[in-house]
Structure formats: structure tokens, C-alpha cells
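Quick look at what Swiss-Prot lists:
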type	residues	note
BINDING	E261	Na(+) binding site
DISULFID	C152-C166	disulfide bond
CARBOHYD	N35	N-linked glycosylation site
CARBOHYD	N92	N-linked glycosylation site
CARBOHYD	N137	N-linked glycosylation site
CARBOHYD	N165	N-linked glycosylation site
SIGNAL	1-20	signal peptide
SITE	I133	site 'Key residue for a low dissociation (K(off)) from the conotoxin BuIA'
SITE	Q141	site 'Key residue for a low dissociation (K(off)) from the conotoxin BuIA'
TOPO_DOM	21-235	topological domain 'Extracellular'
TOPO_DOM	257-264	topological domain 'Cytoplasmic'
TOPO_DOM	286-297	topological domain 'Extracellular'
TOPO_DOM	319-463	topological domain 'Cytoplasmic'
TOPO_DOM	485-495	topological domain 'Extracellular'
Amino acid sequence: MRGTPLLLVSLFSLLQDGDCRLANAEEKLMDDLLNKTRYNNLIRPATSSSQLISIRLELSLSQLISVNEREQIMTTSIWLKQEWTDYRLAWNSSCYEGVNILRIPAKRVWLPDIVLYNNADGTYEVSVYTNVIVRSNGSIQWLPPAIYKSACKIEVKHFPFDQQNCTLKFRSWTYDHTEIDMVLKSPTAIMDDFTPSGEWDIVALPGRRTVNPQDPSYVDVTYDFIIKRKPLFYTINLIIPCVLITSLAILVFYLPSDCGEKMTLCISVLLALTFFLLLISKIVPPTSLDIPLIGKYLLFTMVLVTFSIVTTVCVLNVHHRSPSTHTMASWVKECFLHKLPTFLFMKRPGLEVSLVRVPHPSQLHLATADTAATSALGPTSPSNLYGSSMYFVNPVPAAPKSAVSSHTAGLPRDARLRSSGRFREDLQEALEGVSFIAQHLESDDRDQSVIEDWKFVAMVVDRLFLWVFVFVCILGTMGLFLPPLFQIHAPSKDS
């Protein structure tokens, strides 16, 4: 039992001595490798001036932070892994307590100064200079994290069902292809630690090495970020409200022309669509190369609503026509009163208009002129009694037949009627007044019939424009939105 504490103390001392020797070995190795007399971090690690230093690149995407469509900038969080060999940093591990890996501050060793060429904020290099990992064979691995803002040309043609190809172009700032060679370690970027974006889907991340045959000193490595937008946000907040507002324009053709609100509804819908168009202009980049899909749809619907305003003016003009201002042509009657209503599933209710107006029997005695004559001169046939279409008020009861038949039997009908003592001048004036009233009522009924015909023509025109509006709206909406949904966008590449 007494030997146990001594054993523990001995083991602890051995471990501590081992750590001290290892720390001393790493410190000695660091001093030996980075001795200013044998290592200069400004000199390219080449044994001769013609030797190419091969830089192996591999990009790891951590997060697609944002894509600013209006400023055409893509912000990404990436790790750019760089590997190369520096023969001056090789050592024999057996001479340094078996140390095979050494971590050295990045600014104390030679770096290939690879930067993002197409940056958009002036920050070309990485923000954090992490340590480089150096192995005993001289291979160096550097994995600096960086948040890059790169320029990205936004294609707005299919917005919000668009697919973009944004690139990250890496190149050495001071070394050309005669001094270093940039190669891809893997054909695509790594997404092992990728955090999914709520707005974009990653379609592909291919990498490519670009050289210029006409310029032997040029070489770069480019990664294509092929991303596809998730359209749910814009569908809910833009497309569906626009479709619903456009559908309100259909109600314009259902409103009666007498209500006086057709033009108000049309202009209100047009103003709402104009507001959405201004909202779109704040999102997409101000480019004249193409029109975004949602902008095309808004312009299309604005044209339709403007068309509905024009048709509403035409319908109201037809609706308020009268015989005193317009004469209905025969082709208008044939086309809009007989033929078109059948094709538009319209049926005009039958109207039974009578020009005979009969007061209550208890107030007036009604008789025709023939009836008055018959009352004074003798009986007549029932056909003559009801043959006339004109009625008048007779305030005096008919006299008995025997009272007038003796001295008027030999006279003509009109002479007998006028020679009758009961045919007074006021009765003649009453007959003329009643005749005028009857003619006026008949003229009013005839004018009213023409006015009703114009109103029905306006209803037919309204229904015709309704079907035209519905068909054009449906076909236009499908023609605009269906092709981008099923179209496969080919990724564009730089020349």
C-alpha cells in the first residue's frame, strides 16, 4: 500500500516530462523551420524559377445568406480549402520527438494570395487568417472561413419562378500561370456543413478551371452556384392577390348599368394593380434587358382592366340611348336582339304591351264613337262595337232609340250623328282630347319599347365582353405561368 502513492507520483512525473519534451520539440521545430536565416515567407517555395507551384482548391459551402436581386449581390459563407507543398517546411519527425503536424500562423508562411475576383464590396481576401496545418513532408493545408459578397447577374425573365447562376471566381492576385497552377481538388463544392436557405434551393455547385489559350499567364478557378428560388412567398404575397384583384374586374360586367358603380370598380381595380406594379419595381433590379414574369402578368391584367373600362363606356353609351337621339339599325336588331342572345345563353322575357287603358267602371262610362252613334241612331254589329282601338269618356248616358230614330232615319251616318241634339261641341273637344292622349300614350309606349331594346342590346354587349374577358384572362394567365413551371433552365456559363 505504501508503494502505490510513489507509483502514481512516478507516472505523473513521466507524463509531465513527456509533455514538456513534446512542447519543447514543437517549440524547437517552430524555431528551426521559421528561422529567418533559412525561411522567408515572401519567397515562392520553388526550387527553380520555372517550377510551378500547384495549388489545390476545394470550396465548402456553409450558408447561402442572401441574394439581393436589386443590387445583384450574392452573400455566402464559405470555407476555401487550399493545399500546396513548401519544401522548406519539411522535417524529419524522428528528430523532433515524433512530431508530424505543426500549426503555424498563416501570416508567418508563404501564401498564394488567392482572392475573390468578382467581389462586390471591395473585400478581396479572407476576414480571418486561421493557422495553417503543416505536415512533416512539407504539405500545407489552409482552411480560412470567409463571408463573400460577389457580383451576380440576375435574370429576371422568370421571376419569381427563376433560376440563377451566380459565380465565385478565385485567382491569385500577384502570381500568374507561369508561377502557380490552380487545380480543383473535387469537381463540385462540398455541402457537408450546409445550412439550408429559406428562399433558395441549391441545384448544383460545379467547379471549373479556366485558362486562356491566347494568354498563357491566365488561370482561375470558378464555382457556379446554380440556385432556384422557392416561389411560395411571392405566390402568397403577390401572385394570388393579383389574380384575385383581376377577378374582381369580371364583376364589372355583372353590375347593372343603372347602378352607376361600374366605372368606379374598374378604376379601383386598375389602381390596385398599379400599386402592385410599383411594389415589384422595388424588388427586381432596374434592368431594361428583360421584363419579369410577374411584371408581364401585371401589365397584362392592367391592359385587360383598361379594356373593361373602354367596354364599360361603350355599354353605358348604348344603355342610355333613346329614339330621340339614335335610330336602331336593322342589323343591330338582327344581331343583338335575335342571334347573339342565343349563343350567349340569354333569353329576353316576353312583354305584352296593350295600348288600351280602361278606367274603373264605377267612375266613367266608356264607349267608342261607333257606340255613341249606335246609341243615337240604332243598333250595330258587335264587330263595329269593338273594332276601334280608341276609347273616350262619354259623360252623358245614351238616349233611347225611339227618341232619335224618327227624324234622323233618312240622313247619312255622320250627318245624323252631327244633327243629333246631344252631340255637343264639348263632347267633340273631349273626343279630340282623348284621341290626343291615346296617340301620346301609344307614342310613349313605342318609345319605351325602343328604349328597352337599347337596354337589352347593352346587356348583350356586356355579356359578350364578359366571355371575351374571361377567356382572354384564363388563357393569358396559363400562358404566362405554366411554361416557367415546367421549363428546365440550362445553367449559363461565362465565356
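Just so it is clear, glycine is given a Cβ too, placed from its N, Cα and C backbone atoms.
What you see is a predicted model, and the numbers here were worked out from it, not measured in a lab.
Annotated features taken from Swiss-Prot, shown on the structure.
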residue	record	DSSP (3 states)
N35	N-linked glycosylation site	coil
N92	N-linked glycosylation site	coil
I133	site 'Key residue for a low dissociation (K(off)) from the conotoxin BuIA'	strand
Q141	site 'Key residue for a low dissociation (K(off)) from the conotoxin BuIA'	strand
C152	disulfide bond	coil
N165	N-linked glycosylation site	strand
E261	Na(+) binding site	coil
Check the recorded positions N35, N137, Q141, N165 for other C-beta atoms within 10 angstroms of each C-beta and report the one with the most. N165
If I take the Cα of N137 (N-linked glycosylation site) as reference, which of the recorded positions N35, N92, C152, N165, C166 has the closest Cα? N92
I133, C152 as recorded positions, winner by CB count within 10 A: C152
Entries of N35, N165, E261 which, being recorded positions, have CA atoms within 10 angstroms of C152 (disulfide bond): N165
In chain order, residues whose C-beta lies under 8 angstroms from the C-beta of the residue listed as 'Na(+) binding site', counting only those at least six residues away in the same chain, are L255
To see if you understand the setup: which same-chain residues, six or more apart in sequence, place their Cβ under 8 Å from that of N92 (N-linked glycosylation site)? S136
Tell me which residues of the chain lie with their Cβ under 8 angstroms from that of C166 (disulfide bond), as long as they are six or more apart in sequence? V67, M74, S150, C152, K153, D224, F225, I227
PLDDT averaged over the residues of the topological domain 'Cytoplasmic' (257-264): 81
Which one is closest to N35 (N-linked glycosylation site) in space, judged by CA to CA distance, out of the recorded positions I133, Q141, N165? I133
